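Chemist: Below is the structure I would like to discuss, written out as structure tokens.
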Amino acid sequence: MPFLDSQTGVAQNNCYIWMEKRHRGPGLAAGQMYTYPARCWRKKRRLHPPIDPQLRLCELRLEAELMSKRETPPAEATALEALIRGDALLDKRNSSSKEEETLLEIQRVLEAEENGDGFRDDDELEVETPKRKQRNKGRGRGSSRKKTETVTGDDQDKPYVCDICGKRYKNRPGLSYHYTHTHLAEEEGEEEREPEIPQSPPENKTQNHKLQKGPDSGVIANDYCDFCLGDSGSNRKTGQAEELVSCSDCGRSGHPTCLQFTENMMAAVRTYQWQCIECKSCSLCGTSENDDQLLFCDDCDRGYHMYCLKPPMTQPPE
């Protein structure tokens, strides 16, 4: 077994300079205390290099010619004896080629063992590193790279995620508004709803809502609440009639109670074109860009960019 030299850090092979106590002998010359038996130098046994196959074939041809000259059949020999001699010569050639292949194979094995002794010890000292499994080159379902890049971009742009529906927002006020006016209203409606046979909801739901326009290109407001699925005649949460508030951009409607509107909000939404959370834009600049800078008023539910206010705000209020 090799050992690491403490001075050089090189793996040294084992040697015979170290003797044991049982090898000691009395000193033979003056000044000698002990003597140790000498060891004969050993050389690793190696086979001769392989013979060129072409030279081997030439030797076989010469041997065949000599054999044919020595064993020339007499004139009275029959054709059967000639065939037998030819078969014997062919068998001899096959056996000689097999012996040659066997010799080469033995030489390869011995050389591999001798060469592998040095490398085997070095391999034991190396730290085994796990190898990665090769992945299949076949395509997966769809373009996974594009999907991953898209999800990563959305995560960076909209870090605030709703735990219930998974919808993303760029700022915390937008997420709070969504949670308050969507999920809290639904939870309260489920608690107050009496066990009754549910009616079939309208075909146009909130998620699959399509913008409907009238003949004069005006938006047609829905006649049902997107939260409790009731109409202006009955609120399924309270069981009372309540006027619907409709979005001026997409036409979605909702009861003020389902939207968690205060009395000031209910009075204010009648004075301007109200927008739902999905269509909300800044009331000062009229754009919905930079929604991470968009704030919502607690009294009138209008939206304002922080940089559009006077004086502008740098941080949203708590």
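Just so you know, glycine gets a Cβ as well, placed from its N, Cα and C.
Where the annotation comes from TrEMBL, it is an automatic prediction and has not been curated.
What TrEMBL records for 114-127 is compositional bias 'Acidic residues'. Positions annotated as region 'Disordered' by TrEMBL: 114-153, 184-213. For 132-145, the entry in TrEMBL reads compositional bias 'Basic residues'. Here TrEMBL flags 160-188 as domain 'C2H2-type'. The domain 'PHD-type' annotation in TrEMBL covers 222-282.
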Chemist: Find the average pLDDT over the domain 'PHD-type' (222-282) in the predicted model and report it.
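Modeler: A mean pLDDT of 86 is what the predicted model shows over the domain 'PHD-type' (222-282).
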Chemist: Count the residues of the domain 'PHD-type' (222-282) that DSSP assigns to helix (H, G, I), to strand (E, B) and to coil, and report the three numbers in that order.
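Modeler: DSSP composition of the domain 'PHD-type' (222-282): 6 helix, 7 strand, 48 coil.
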Chemist: Can you break down the domain 'C2H2-type' (160-188) into helix, strand and coil residue counts using DSSP?
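Modeler: When I sort the residues of the domain 'C2H2-type' (160-188) into the three classes, I find 17 helix, 4 strand, 8 coil.
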